[in-house]
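Here is the structure we will look at.
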Amino acid sequence: PVAATCDWLPQDDDGWSFYEEHQSRAGANGTGPGSLMDPLEDPVPGLGTYEDFNTIDWVREKSKDRDRHREVRNSRRSTAALLHSISDAFSGWLLMLLVGLMAGALAGGIDIAAHWLTDMKEGICLDGFWFSHEHCCWKSSETTFKDRDRCPQWQTWGELITGTSEGAFSYILNYLIYIVWALFFAFLAVTLVRAFAPYACGSGIPEIKTILSGFIIRGYLGKWTLITKTVTLVLAVSSGLSLGKEGPLVHVACCCANILCHLFTKYRKNEAKRREVLSAAAAVGVSVAFGAPIGGVLFSLEEVSYYFPLKTLWRSFFAALVAAFTLRSINPFGNSRLVLFYVEFHAPWHLVELVPFIFLGIFGGLWGALFIKANIAWCRIRKTTRLGRYPIVEVLAVTAVTALVAYPNSYTRMSGAELISELFNDCSLLDSSQLCGYLQVGRPDRPAGPGLFTALWQLALALLFKMLITVVTFGMKVPSGLFIPSMAVGAIAGRLLGVGMEQLAYYNHDGLIFKGWCTPEADCITPGLYAMVGAAACLGGVTRMTVSLVVIMFELTGGLEYIVPLMAAAMTSKWVADAFGREGIYEAHIRLNGYPFLEPKEEFEHSSLAVDVMRPRRSDPPLAVLTQDSMTVGGVEALVESTRYSGFPVVVSQESPRLVGFVLRRDLLISIDNARKRQDGVVGASLVVFSEHPPAQAPDGPPPLRLRGIMDLSPFTVTDHTPMDITVDIFRKLGLRQCLVTHNGRLLGIITKKDILKHMAQIANRDPDSILFN
């Protein structure tokens, strides 16, 4: 069931009944020999597939792929078979090529459209309304290098209507039109999401992480979600809300990969293989978001992927390369560079500066921890109060407040990427920015002037505003990324500290700290570098990225020699943030939404045993089981009708409950229904046989129904005294959905992924019923 929110709560969730029905539906079946259904030669359609809100069985999917690969390899006798084998081997690389091309083209289009619509809030190009401000002034012959953002062809709305850009009336007119455009874009975005694709809202990364761990959310990576997210992402960014497009681009790239997987049989029919492609697509998303192909691969490996074999690493690298090349060909930034914020710092950093860099790391960690707690609290209010029922009103209210407060301050009015680029910039002679308002521009020693003091006040106000508004913006019912807002907060804090250090050095050349390396003739402090380190620290504090973050930052800026400051800030920010809670923002949202996600980084430190977690508990009714050769079709149907379980262990008999195998409810029902239609003599009194040799029957009795082919003959088992930390590791590393518990070969109970999550929630003093799906 699909709800019209980002929370995706099932409409018919009635606790254990919903859980049991969805818990084991996609368990390990089909690993035994024989066809899917013994009485029929052709496969039964629908067997072994998964339904919505199910977890896939990695073991079964990998087994299916090995069987398919063996079949392809053993059939190389004819030319056609050889060609089929070659095409099968190259299909993965071809798919990666297509994903890279499609994602790169979409990202380029999103960048260009967002830039154009953002500028449209402030004015219009007289040479053609489809030109952005920058492109409009490029074409002008009257643009000076110093005032390169001013040209007669570009007019503000106030100038166009009143004929002058000066005066209060023109300013108020520009202000009102800016707010109207922002509200219009936000209204369009939230309405399109609500009407066409509820799954298109939010960042998408928490859901991508959950899907990559083996969960199925039908439609989350579908074509309608892709189209809606692409369009609404442009509108949401253009509205001026405190959000970025970088996180949602990971979702867009994964949608592209999922759609293209349907062109290739081996990916269309195998959920585990498809998740390998989606891992590579996550790398492509970051590659096109930042122009950072290597950082994208590391981001997928460190932050998003659950299962990342070496083959996926190579393919991710190739797909990220193709996507980056495609984006570079489109050249959306118009500067012939792939990187988003190119920096050219001329002064080297000094060892003493590690102290302020570490302070920035501490600030980033504190901000990250505070942001996560505040944002989750706000999202919980949204989920549990009437606020969640009015997403359009909420989006419009936040947009109105953002536009109203942002317009008077030039640093909040500009887009997030523009602001970060401005903060990273190192002042030169031709810079007209207020941040370069020094009294002696061009000289190494630069005392601050009135222009710089004004800019610092505006930046301080912008910092407070960004910190507050991002908390309520992230998680609204529009596409919203967190990379750019987090980096903007850190970059502002870093620039403020950098200017402070610069002025301290200027007025204390002979002080103990600066003596020897900070002479009046040398430019020893670079405020832009502090902004870069602050941006990395805040992004690390929010997401808890480390290695991939540093690589993304130096790819993003081209500042290769500043890896050590970035590493120091990233590690400090992670340590400080982890002191307040081990979860990053994405893990916190996964837990908030109740997805069945076993965090691979989290340690299980409790000394409980499998028998403490398994069901049935002492007060529960006994486990519902099938016997291998003593139940009739009517008896099996009655058992299925009277329970909501999604899978049934098969035992020798009720008196001797030795485990034989495991059968899924869905496969059982499909097989019985198919046999009634297509096999003569199957009635309610027909014996259902799971053993190899059916027992002797009366000659005039109905023929038995042999269902050994749909049974998993090797279900995973643990003993009742297996420690839970080992059991949790088995679930994580093998991707299990359920595991049966035995004692001396006798079946005692079952442990599911959801049982483990509930047990871990209880240990952490959280509500175990918050785990909603499996």
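For all residues, glycine too, the Cβ spot is worked out from N, Cα and C.
Among the features that TrEMBL reports, domain 'CBS' is placed at 614-678, 711-768. For 93-117, 175-200, 249-265, 277-301, 351-370, 390-407, 452-476, 482-499, the entry in TrEMBL reads transmembrane segment.
Residues 5, 175, 178-179, 182-183, 186-187, 189-191, 194, 239-242, 382, 413, 465, 469, 472-473, 476-478 of the same chain sit 6 or more residues outside the transmembrane segment (390-407) yet have a Cβ under 8 Å from a Cβ within it. Note: the stretches the transmembrane segment (93-117) and the transmembrane segment (277-301) are in contact (3+ CB pairs below 8 A, sequence gap of 6 or more). Contact between the transmembrane segment (277-301) and the transmembrane segment (351-370) is absent: fewer than three CB pairs lie under 8 Å, with pairs separated by 6 or more positions in sequence. Sequence-distant contacts of the transmembrane segment (351-370) (same chain, at least 6 residues past either end, Cβ-Cβ under 8 Å): 467, 486, 489-490, 493-494, 497, 501, 513, 517, 525, 530, 533-534, 536-544, 564-565, 568-581, 585. Residue counts for the domain 'CBS' (614-678) under DSSP, split into helix (H, G, I), strand (E, B) and coil, are 24 helix, 17 strand, 24 coil. With DSSP states grouped into helix (H, G, I), strand (E, B) and coil, the domain 'CBS' (711-768) comes out at 23 helix, 18 strand, 17 coil. Between the transmembrane segment (452-476) and the transmembrane segment (249-265) there are fewer than 3 Cβ pairs closer than 8 Å, counting only residues 6 or more apart in sequence, so the two stretches are not in contact. Outside the transmembrane segment (249-265) by six or more residues, the chain places 91, 94-95, 98-99, 102-103, 106-107, 110, 203-205, 207-208, 211, 221-223, 225-226, 229-230, 233, 274, 277-278, 280-282, 284-286, 288-289, 304, 323, 479, 481 with a CB less than 8 A from a CB of the stretch.
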